[in-house]
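One structure is given below, encoded as structure tokens.
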Amino acid sequence: MCLRRKLANAIRALSIDAVQEAQSGHPGMPMGMADIAEVLWREFFKHNPKNPLWNNRDRFILSNGHGSMLLYSILHLTGYKLSIDDLKKFRQLGSNTPGHPEIGSTPGVEMTTGPLGQGLGAAVGMAIAERTLASTFNKPNYDIVDHYTWVFVGDGCLMEGISHEVCSLAGTFGLGKLIVFYDSNGISIDGKVEEWFTDDTENRFKAYNWHVVSNVDGHDYRSISSAIKDAILVKNKPSLIICKTIIGYGSPNKSGLETSHGAPLGENEVLLTKQKLGWTYPPFVIPQDVYDHWNFNLQGVILENEWNKKFQGYYNKYPDLANEYLRRISKNVPDKFVDNFNKFIKELYLCPKNIATRVASQNVLEFLGKSLPELIGGSADLAPSNLTMWSKSKSIKQDISGNYVHYGVREFGMTAISNGIAHYGGFIPYVATFLAFMDYARSAVRMSALMKTQNIFIYSHDSIGLGEDGPTHQPIEQLSALRFIPNVNVWRPCDQLETAIAWKNAIERKDGPTALILSRQILCQIDRSQEQINDIYRGGYIVNTTVRSPKVIIVATGSEVKIALDVSNILFKKGILVRVVSMPSTNVFDQQDNDYKEFIFPRCLVHRVAIEAGISDFWYKYVGLTGCIIGIDTFGESGSSDQLFSKFGFNSDIISEKIISYLKSS
């Protein structure tokens, strides 16, 4: 057996042993891609196992994340803090080797992957981030940002629609440092893909403006190495390397079959496979000579030390740029940023305006853009509607050091790309579309929350208030759907002041995404005290604090807060005292201490009403099963905003009568 094959077989052996030990997992892909991984990681991949977060490391994304044991095996072999005992605990509760790669669980894992295609989208984001950051900070002889993004994908990734969205955009942007390996083994869970996947992948990607290296023997290290060298030479296009492989390579009875995809080989087949591969070692045993050839600790330290030396020279020559680079990579805001943001909010308080919250958001962006150069925005072909561009927005297509991405109509791809930009570092991304189209992107929003990504999602045209475009564009259930995703802070502000504070919360939050739900129609600014402004940060607060001993609480969000205040005035004239609560963020409110929640919603105040132009079921947690909810549980219609609010009962007189009836009946 040649040395190169022996090194690849170490990946195969560890993968089949771990899957067999766990009695679950996916051995076929690691067995099929082991030779590709050996060539990439030993000949080309730039990293430092001693410091997995070295800034100028290459990025590796396993988009076909079910083959996680391939990555875990490589990380163990190259010297990361991942032991044999960790591999033996593969897929076990509490281990750092979960079934699919999870960022934060395993050193060396750059991105949580599993839902096919999303890793590819994130990789496009990382390649965008690398190029944009490089164009901002690099100077002659000082390429402090200079590395590749490498991706493994399978048939499933390329069948997913997101692959079209993100690869089309990557080709348009000419991301020359993005190199993707396609594991073309012709097998998926259901069998041979020729029955459902007959795309001409080579010409598909050429049409995207990609460089394609086809017909690479995925089990011949010379062919693989030659293909990578070919791809590296192409600077103005991303590259796809199509590797012909055999799933379950080495298994006498399961290679080339779907039976090797997602289940242990079985004890007998493991023995037969190792015999065929010439692997004579017990389970989880790697000979020292294999470790010696795989270990990358020394080379990694040398690479990082060389970069540190270069960065020191850069720092000496360009100290301001170097400090700005370090600030951005460290995720620290600029000096005086918080003070300036607070001054900006105070100005909004002193100079009230009746404007749509999407306009208010754009005004905040005008302030943020001048204060936070790390802010990088984009919209799914709705910039004039979402209002996501500010006066100094620059398209990265026209200027690679720009700060704005025209994503085109690619909501899902846009969000996955934004996840990659966020995890790359040095940027705070925001992306936008209509709230009704959030459903296209929802899976990537969920991944953002799972990965604790600082990502900002702008969803405008937040209700039937968008008007004449009709029910296809009018969100009903989307707002609640977002709130139900764990770790997403959802804000639906009622005016420009709440909008600014929602943005401030999003910028300050480092452990998860924030969704800003914004109106198309003009909303009135509400009068508040400084104490009330402070309480906006708590997600929910009392708007009409002068009311003492109320009989009923009305809680509302967004455009319905003004309606709630009008209702309270009508009921006051009828002798009914009402407390109005604005709850711009139910998620943030739920995180408050029990005393504050009791202060807002005293248990003794059992008469409660919720008003929101969306699905009603969500609000029972606040008003109780006997509460009154004014919501919308059908789809909308085409008409003006005023007509629709009236038709669906969002009228202060109608709601007042409903509340009176509710109080009488209870």
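We count from 1, first residue shown onward.
In case you wondered, yes, glycine gets a Cβ from its N, Cα and C as well.
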Identity of the substrate-site residue among Ser330, Ser385, Ser391, Ser549 (reference: His26, His261, Arg358, His461, Asp469, Arg520, source: Swiss-Prot):
Ser385
Given Swiss-Prot annotates Asn185, Ile187 as Mg(2+)-binding, which of Asp155, Asp199, Asp200 belongs to that site as well?
Asp155
Pairwise C-alpha maximum, in angstrom, for the residues (His26, His261, Arg358, Ser385, His461, Asp469, Arg520) that bind substrate according to the record:
49
Indicate the candidate from Asp155, Glu411, Asp469 with the smallest number of other Cβ atoms within 10 Å of its Cβ, considering only these recorded positions.
Asp469
Spatial separation of Gly114 (thiamine diphosphate binding site) from Asp469 (substrate binding site) - C-alpha basis, Å:
36
Which one is it: of the binding-site residues Leu116, Ile187, which Cβ has the fewest other Cβ atoms within 10 Å in this structure?
Leu116
Provide, as an integer number of angstrom, the distance between the C-alpha atoms of Asp155 (Mg(2+) binding site) and Asn185 (thiamine diphosphate binding site).
8
Using a 10 Å cut-off on Cβ-Cβ distances across all protein chains shown, tell me which of the binding-site residues (Asn185, Ser385) has the largest neighbour count.
Asn185
Mapped DSSP class for Ile187 (Mg(2+) binding site), helix or strand or coil:
strand
Rounded to the nearest Å - Cα separation of Asn185 (thiamine diphosphate binding site) and Arg520 (substrate binding site):
49
